[in-house]
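J.: Heads up, here are the entries from TrEMBL:
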type: SIGNAL; residues: B:1-22; note: signal peptide
type: TRANSMEM; residues: B:33-53; note: transmembrane segment
type: TRANSMEM; residues: B:82-102; note: transmembrane segment
type: TRANSMEM; residues: B:136-157; note: transmembrane segment
type: TRANSMEM; residues: B:169-193; note: transmembrane segment
type: TRANSMEM; residues: B:220-243; note: transmembrane segment
There are 4 protein chains.
Amino acid sequence: VSQHISLFFLFMHLQLIGSGAAAQVVTSRGTHGNYLTIQLGSALGAVFGIFVARGVSGAHLNPVYSLSLCVLGRHPWKKLPLYSLSHLVGAFLGAATVYLQYYDAIQTFSGGELLVAGPNATAGIFCSYPADHLSFWGGLVDQVVATALFLLCCVALEDQRNGPLPDGLHPVLVGALILTMGVSMGSNCGFPLNPARDLGPRLFTFVAGWGEEVFKAGGGWWWVPIVAPFVGGLLGTVTYELLIEAHHQTTPQSPQQEQEAVELEEVVVDSGNNR
Amino acid sequence: VSQHISLFFLFMHLQLIGSGAAAQVVTSRGTHGNYLTIQLGSALGAVFGIFVARGVSGAHLNPVYSLSLCVLGRHPWKKLPLYSLSHLVGAFLGAATVYLQYYDAIQTFSGGELLVAGPNATAGIFCSYPADHLSFWGGLVDQVVATALFLLCCVALEDQRNGPLPDGLHPVLVGALILTMGVSMGSNCGFPLNPARDLGPRLFTFVAGWGEEVFKAGGGWWWVPIVAPFVGGLLGTVTYELLIEAHHQTTPQSPQQEQEAVELEEVVVDSGNNR
Amino acid sequence: VSQHISLFFLFMHLQLIGSGAAAQVVTSRGTHGNYLTIQLGSALGAVFGIFVARGVSGAHLNPVYSLSLCVLGRHPWKKLPLYSLSHLVGAFLGAATVYLQYYDAIQTFSGGELLVAGPNATAGIFCSYPADHLSFWGGLVDQVVATALFLLCCVALEDQRNGPLPDGLHPVLVGALILTMGVSMGSNCGFPLNPARDLGPRLFTFVAGWGEEVFKAGGGWWWVPIVAPFVGGLLGTVTYELLIEAHHQTTPQSPQQEQEAVELEEVVVDSGNNR
Amino acid sequence: VSQHISLFFLFMHLQLIGSGAAAQVVTSRGTHGNYLTIQLGSALGAVFGIFVARGVSGAHLNPVYSLSLCVLGRHPWKKLPLYSLSHLVGAFLGAATVYLQYYDAIQTFSGGELLVAGPNATAGIFCSYPADHLSFWGGLVDQVVATALFLLCCVALEDQRNGPLPDGLHPVLVGALILTMGVSMGSNCGFPLNPARDLGPRLFTFVAGWGEEVFKAGGGWWWVPIVAPFVGGLLGTVTYELLIEAHHQTTPQSPQQEQEAVELEEVVVDSGNNR
């Protein structure tokens, strides 16, 4: 239970801080931030989400990451549905909190109309929509490439055999990685990368008054940031395992190091089983 | 005494650097900085305030934090009033120093009139005022939510059982947390979050020539950033204790770890009692 | 083989993230980033490229760096050609991936015409071109000075005798160094600094439709960012060796430290020989 | 000798990177950077200057810092003149390198006229000039306050008894401190803070063609950033010693800690004496 609470918190932070940054820029029409501050908000939301949750549930920042661990046999499959549900509920309630906090600002900005497109649109505060230039296939490619890169780097940062990290640097680097995505792969469709963080807030905007347009917009865009990240995430994880980690395993290590590595993985799996 | 001096310094830094950044942007009409540099100033003010004071008084960055520790029984109640006074005096004198340093710039910018509202307003350099769109309840909600998130993260960063941090990273992360607040929750009323850092400079502007308008503006806004942060701070601290830390305590630890954790807390409480 | 794969990945990341950031800013006409986000992209591409590759091939971020190690006798000459080829192929394929990911955006932006110069030019997304004001000699000087500084700092960061770095901080500092170059030496010709990262993507644009103009532009600029960095890199490395490191060697050290330093270098050379 | 060479390098970096960032923004008329990138350049110049020099000469980033150490009896007075000369020559040659690297850009920007004031002024790339609004006394106050804060924080970061820092974090924090100054105290006269970094480049511009106007401008401003920083620096250092460090010395420590602290200081003084 505690793990689900902590994942719930992680996603609430992720959504609250990331979407808050977008709400601030949109509703102030750019006077209180710009594209870079939105990216910083997404990154810092991840940093502090992980710092809050890391002691209890580890850094399961993304259902795609959890799925990848299951595929690799490092996480039990039966935990995946409840994990994903915690992600989804956390992101949903994070979006609700952003709406509560920016209620006056959103009402004033939009003149009371909750719109998905046009100059007074506010739905983009909460979840991703494709840019006008983006084709359907372009969107799929963008999200597969971006999530593959994202997961490849996530797995590399976690890989103790690839090189150690000081305690406390890991969450900061994950934040830097999200900033990287925003800076280099954000203009096509806003780097969703995360099915739960995209679907949860979309469901919230659906019930909160933006209506079914949130699912219809962009030619039914909504399912692309759910499906494509899983494909890209698996691609990135498997690429890392085959091309980088395979070479660690053939590298002779001292018995002590091997032992440590094994114990480390056991702890991770364990914490997945026993709580 | 030394603790109060060090807290006084911490708040002087906080105010001096944070308000200096605002003074620079306001009086240069945006040519020497922008919204992001003001947020960076607030964050870096906290970083170096803590680096200067950490050896003597620890990171009592915020009266809300001190109060939360008292409520949790980790800090003696009787020290709270003097601590808060040190905070207040430090912030007051920090504001005075900013005015001294930017005296020429403020006079030139404002044509010699010290105003709270309008295009030549300069009171916002020193303390928070609500945006035009913000209702009274919206302001309360904003500050309760923001301070709850802020304190929840502060307590998580301090919690040795949630995961260790390298020496020297803690002040940097507190700065990053303040940047997070500015980036994602700053456009409603400028993320005061801190009663002493808001009231001290407001008192300074009151006596320095901005007059009683500093208390009347925003429909008597001044008490919201004093009361709401205490409510939000307690909410955030208690949420962390119940939902995250509770699970650490039930997690079996090695006796040695437990011992260390206990000693650590004793040192903290101790340093509160003996100096 | 694994080393070449990992170098290939390093350069793919470098190119993918760095050029992605440029593609985003160019094709969004500055609404989704600015000059600083391009520099951040270049820096963060290096950070995560090194994090992915560091366990297998070390931080051979730049053929200039590999060459300098060869000249200093710390890396076998015979490995240089294959290393450089891995760099080149990685950068080529990274550029191809950026084109794939931004295909819709580049087509919409340029109206379907792939141009090297003018307001709708897109070749600058992938490799360097000189600014209008830059003379031939000015470009040579710029790249010799910039690469000399870059390599001098790279070698200083690697030098364990100059002062230790915590694990995990080295890649971040290399990223900060690239940001430094972009912030202070980027406006003349876009701080290429790296022959492989410039030539690989230039070859890609040549075959992908920008045509031979990519070699003709800027008065045949293309070979300057290949030759000048080697000159500058050697200059910087030799300067460091003569003026800084020489003094470490004459400084008496404890025998244990000396031993460690020697072992360290052996490991580096070793990893170059045996995989 | 090696110490002087390393200090020379430190200042050359400081000047080269800091002024390079300014040259880039000025000559590109803001298209290749903005006020924040200039501040980043100053900060990063210090970071990598220290990383290059730290092994040989330590972090004598500023003659004001060296002087403060002399006054506190921690550095031999007789070394001060030569140290300051190394600083000055390094900064002079750094400025010359920036002029060389940006020669084409400066000529194009200024139409060949090297001016100290007006829309095509380029002297501000190299050293500080006061803003139009700044009075003589305002400038003195600005530099005394800013350097006092700067040195107080520098000394706090160096003070092992105030709290430890991981190896490698110190140079980064000094950079962050310079960024702090730029963000919060830069609009009056560009945060010189450093007599050598201001006078050296001013001498260069004097001989390189900007002429005696560099000493006449701002009502003979040139000596303020030389004298005021020494006053402010001493003020900041003494304040720290009296109000913060005094309390460390009265705090009972374990004998081992005391011993370590003493040894540490001896090493520092030693390295000042023997090389």
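Cβ atoms are placed via backbone N, Cα and C, with glycine included.
Describe the structural context of each listed feature in the structure shown, including burial, neighbouring residues and relevant distances.
T.: Note on the transmembrane segment (B:82-102): residues 3-5, 7-16, 19-20, 23-24, 27, 60, 62-63, 66, 125-126, 196-197, 199-201, 203-205, 208 of its chain, located 6 or more positions outside it, place their CB under 8 angstroms from a CB of the stretch.
With a threshold of 8 Å between CB atoms, the same-chain residues lying at least 6 positions outside the transmembrane segment (B:136-157) that come near it are 61-62, 64-65, 68, 130, 165, 170, 173-174, 177, 180-181, 185, 188-189, 191-193, 218-219, 221, 224-225, 228-237, 239-241, 244-245.
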J.: Taking residues 6+ outside the signal peptide (B:1-22), which of them lie with a CB under 8 Å of any CB in it?
T.: 33, 37-38, 40-42, 44-46, 48-50, 52-53, 55-57, 60-61, 82-83, 85-91, 93-95, 97-98, 101-102, 124-126, 194, 196-197, 200-201, 271, 275
J.: What same-chain residues lie close to the transmembrane segment (B:220-243): Cβ under 8 Å, and 6 or more beyond its ends?
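T.: Sequence-distant neighbours of the transmembrane segment (B:220-243): 62, 64-65, 67-68, 71-72, 127-130, 136, 139-140, 142-153, 155-156, 159, 189, 192-195, 198-199, 202, 214.
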